[in-house]
Amino acid sequence: PDGRNAAAKAFDLITPTVRKGCCSNPACILNNPNQCG
C-alpha cells in the first residue's frame, strides 16, 4: 500500500538533480521542455 508514496518521494528527490543537469544542456532542454519550463 505504501509503494506509490515511496516512489513519489524518490521521484521528488531525483527530479531536482535531473532538472539541474538537464536544463544546463540545450539538447536535453529540447527533449524535456516540460521539466525545464
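Glycine too: its Cβ is placed from the backbone N, Cα and C atoms.
In the disulfide annotation of Swiss-Prot, C23 is paired with C36 out of the candidates C28, C36. Taking all protein chains in view, 15 other C-beta atoms sit within 10 angstroms of the C-beta of C28 (disulfide bond).
A separation of roughly 10 Å, to the nearest angstrom, links the Cα atoms of C28 (disulfide bond) and Q35 (site 'Moderately important for binding to nAChR').
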